[in-house]
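Now, the feature entries from Swiss-Prot:
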BINDING   46, 53, 54, 55, 99, 102, 107  ATP binding site
BINDING   199, 213  Mg(2+) binding site
BINDING   264, 321, 322, 323  substrate binding site
DOMAIN    9-244  domain 'ATP-grasp'
């Protein structure tokens, strides 16, 4: 689960980390009032969405009057912000963060992820702040500094000081960086985070370090341990199809192709997408119906897939283990009839009673193509999507 910048900064402040004074508002009038509360003559206003690249898209602005702050809020509240990290529809803006202006001398990067290979939290730091860290890692990997956190003893101040020296920090900045480093590590562990970024972590004009941004992603599997953070969830930022799928315990991720995929098992689903792509097709989604491919779940899966108007054909790839393939076939037929599927549906069944399942599909009289293998299924659905 992603957090907004203002929510991330709330957590930063709870751990004593240096953040700008600011208020998240949802009306132009509140934006103007926030300027008065903060004080000063310059403020930064930021549209709050779960995506990067806001500045280049006009979603971040320096204003010098509370009227300009109100005008910015009027411009963006209720609108959708399109960035390089969103799709063409963008993300809805329901909050504006108004905060004090920070005068920057230098930008740094500091972030942390769970490294699956070492099974440790790994911190990354760089002198190249304010830009895409993936680009830095690709173009100049030597500029990425790393520190691995031992889960037994946690982050140690000496690790923070070591990173600080490598970043070229000096004097009080070294102590400040070590405090930020250990604070972020504690926050990461306390709240079951999957990713944390401060980009940029800045050196202000007076030489102090300051967390100018906050990007946080919480491990969805750990949400039951984080009741406080559940209230931070903003459903407006979710893809409506993905949110609908979650209600039925379906794992759905929207993509940009025209071939709908319905599979039981995440590994098989990824393999199915790969082979569709190998044969010249473009998957429209990832959809794992899980182990219980019942008629009800298959019906909902069809509804979700067909809500994407780009879908020209559907590939159903089911491996029958405990669940018999003939029962799955009957569920598919019932779902196709109930939903009123008008586009070609290619079905590949393998496993328990697969031959009987294929026979049931063939005798249904519906526009369902029974494939003999996964390769055949991919070839058939690509042809069907192309209208051949």
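Each residue, glycine too, has its Cβ placed from N, Cα and C.
Positions of Swiss-Prot features highlighted on the structure.
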residue : record                 : DSSP class
46      : ATP binding site       : strand
53      : ATP binding site       : coil
99      : ATP binding site       : strand
213     : Mg(2+) binding site    : coil
264     : substrate binding site : coil
321     : substrate binding site : coil
Between residue 53 (ATP binding site) and residue 321 (substrate binding site): CA-CA distance (Å): 45
For the binding-site residues 99, 107, 213, which one has the sparsest Cβ surroundings, going by other Cβ atoms within 10 Å? 107
Confidence summary (mean pLDDT) of the domain 'ATP-grasp' (9-244): 94
Cα nearest residue 199 (Mg(2+) binding site) among binding-site residues (55, 107, 264, 322) -> 107
Rounded to a whole number of Å, the separation of the Cα atoms of residue 55 (ATP binding site) and residue 264 (substrate binding site) comes to 40
Quick check for the class: what is the C-alpha distance, in angstrom and rounded, between residue 213 (Mg(2+) binding site) and residue 99 (ATP binding site)? 11
When the number of other CB atoms within 10 A of each residue's CB is tallied over all shown chains, which of the binding-site residues 53, 321 has the maximum? 53
Residue 322 (substrate binding site) has its Cβ surrounded, within 10 angstroms, by a count of other Cβ atoms equal to 8
Out of 46, 54, which of the binding-site residues is least crowded by other Cβ atoms within 10 Å? 54
Assigned element (helix, strand, coil) containing residue 107 (ATP binding site), judged by DSSP: strand
